[in-house]
Amino acid sequence: MKTLLNSTSELHPLTATMSLHLEIDRYKLIPFSCSSLRASPCRSLPSKPLILSRATSNFGQMGLFLDGSKAKGTFWFRRKGIVSPHQRFIIAVAQSQPDRLDDDNAEQEVDKGQTTSMSMDTASESQQKSSQLKKRIVFGLGIGLSVGAVVLAGGWLFTVAFAAAIFVGSREYFELVRSRGMTSGMTPPPRYVSRTCSVICALMPILTLYFGHIDVSVTLAAFVVAMALLLQRGNPRFSQLSSTMFGLFYCGYLPCFWVKLRCGLAAPALNTTIGASWPILLGGPTHWTIGLVATLISISSIIAADTYAFLGGKAFGRTPLISVSPKKTWEGTIAGLGGCIATSVVLSKILCWPKSMLSAIAFGFLNFIGSVFGDLTESMIKRDAGVKDSGSLIPGHGGILDRVDSYLFTGALAYSFVKIFLPLYGV
């Protein structure tokens with residue numbers, strides 16, 4: 001009968017939980033637990049194997065094999081005249097494999113737990129993305145229907161709703177200007193100036209509808225804001241003036257072209273089939289003007305450009321477009337351009353405006369250029385501000401600027417194209 005003892009331990013202090021194997025015959029082992037073994041904290045296991053043995057008077061010899069490099073120990077016992085110590089040590093090492101198997105099983109359990117945790121995190125993340133996508137679709141459809149109704153109504157309803165959106169967007173812009181990322185290299189304008197500019201930006205569309213032009217009001221607003229900044233206490237900074245003036249241009253002046261496009265081009269679209277059958281209670285055939293048709297085509301083309309760019313980028317996107325917006329790719333941009341032009345051409349056939357195929361293609365191309373440039377401009381502002389979204393007003397979409405950034409420059413380009421270039425082609 002022999003006894004084998006294996007242990008795995010730390011070095012300072014040496015604490016080990018030991019497994020004692022009792023061998024009744026040559027091939028059968030009976031394992032059972034033993035109490036903890038503590039060694040002196042002042043001693044460490046030797047780096048080389050060490051064999052400690054002691055002869056007993058009646059039974060034979062017993063000893064302890066210490067392997068410092070592997071932090072393992074083996075207790076062995078030899079009866080007189082049976083087996084040599086070295087042979088007994090070899091058998092003990094060979095029979096210590098169950099401990100190694102236990103270690104492997106423990107590692108497998110840990111790996112299995114990590115895999116399960118990762119799968120649960122992945123499932124939670126996928127559920128969160130799915131919920132966010134549903135919220136984005138629901139609110140997107142609600143916004144689309146609301147905007148469509150306001151555009152069809154036109155007049156003061158369109159202008160007032162547009163002014164409210166401009167006020168919120170201008171507040172978001174000046175909050176971005178005052179953010180930590182933006183102010184690290186500049187001095188933001190005072191709060192009373194930024195709030196005054198937000199009110200001025202909201203009044204610009206109303207003044208445009210009332211007077212029919214925007215030049216005088218913009219000049220007056222810029223003069224008032226510049227004087228307020230120059231006469232403030234302390235040292236005025238050019239960064240304050242530049243960021244404020246760009247805010248007036250970006251959030252106030254550019255959106256006014258949508259009012260000029262929708263309400264200023266009042267010539268009736270005589271060839272439009274939908275307009276000919278439009279109910280009298282809703283304005284009759286005269287309600288369908290060139291401005292309304294151009295606005296519907298332009299907005300629909302921008303929506304198509306964003307949708308096709310997103311889908312094309314997800315499916316085929318490989319080449320980054322620009323460092324300002326790392327998620328945008330050339331493949332997605334090309335897909336967005338194709339979708340924008342196709343939408344413009346299809347709607348021109350349905351609404352019978354413009355008559356020329358070339359004019360419809362050029363109009364779609366111009367809308368796409370304006371939408372991309374506006375999107376990249378807002379991405380640059382958010383990147384300098386160090387934020388992902390301009391706000392959190394719309395669940396799943398961010399702020400107002402995140403939704404209208406593609407429309408800010410497009411209104412001016414679309415109005416200029418319809419007002420200046422289309423009459424040259426006799427459309």
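Glycine is no exception: its Cβ is also placed from the backbone N, Cα and C atoms.
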12-31, 332-351 - the one TrEMBL records as transmembrane segment = 332-351
Key: Outside the transmembrane segment (137-168), six or more residues from its ends: residues with CB under 8 Å to it   = 198-199, 201-206, 208-209, 251-252, 255, 258-259, 262-263, 282, 287, 291-292, 295-296, 299, 303, 391, 393-397, 399-400, 403-404
Key: Same-chain residues at least 6 beyond the ends of the transmembrane segment (288-311) whose Cβ lies under 8 Å from its Cβ atoms   = 144, 147, 151-152, 154, 258, 261-269, 272, 274-275, 278, 328, 332-333, 335-344, 347-348, 351, 353, 363-364, 367-368, 370-372, 406-407, 410-411, 414, 418
Inquiry  = Checking distant contacts: for the transmembrane segment (210-231), what same-chain residues at least six beyond its ends satisfy Cβ-Cβ under 8 A?
reply    = 189, 193, 196-197, 200, 203-204, 240-241, 244-245, 248, 252-253, 256, 260, 264
Note = With the cut-off at Cβ under 8 Å and a gap of six or more residues from its ends, the chain residues touching the transmembrane segment (357-376) are 294, 297-298, 301-302, 305-306, 322, 324-325, 328, 333, 336-337, 340-345, 348, 405-414, 417-418, 421-422, 425, 427
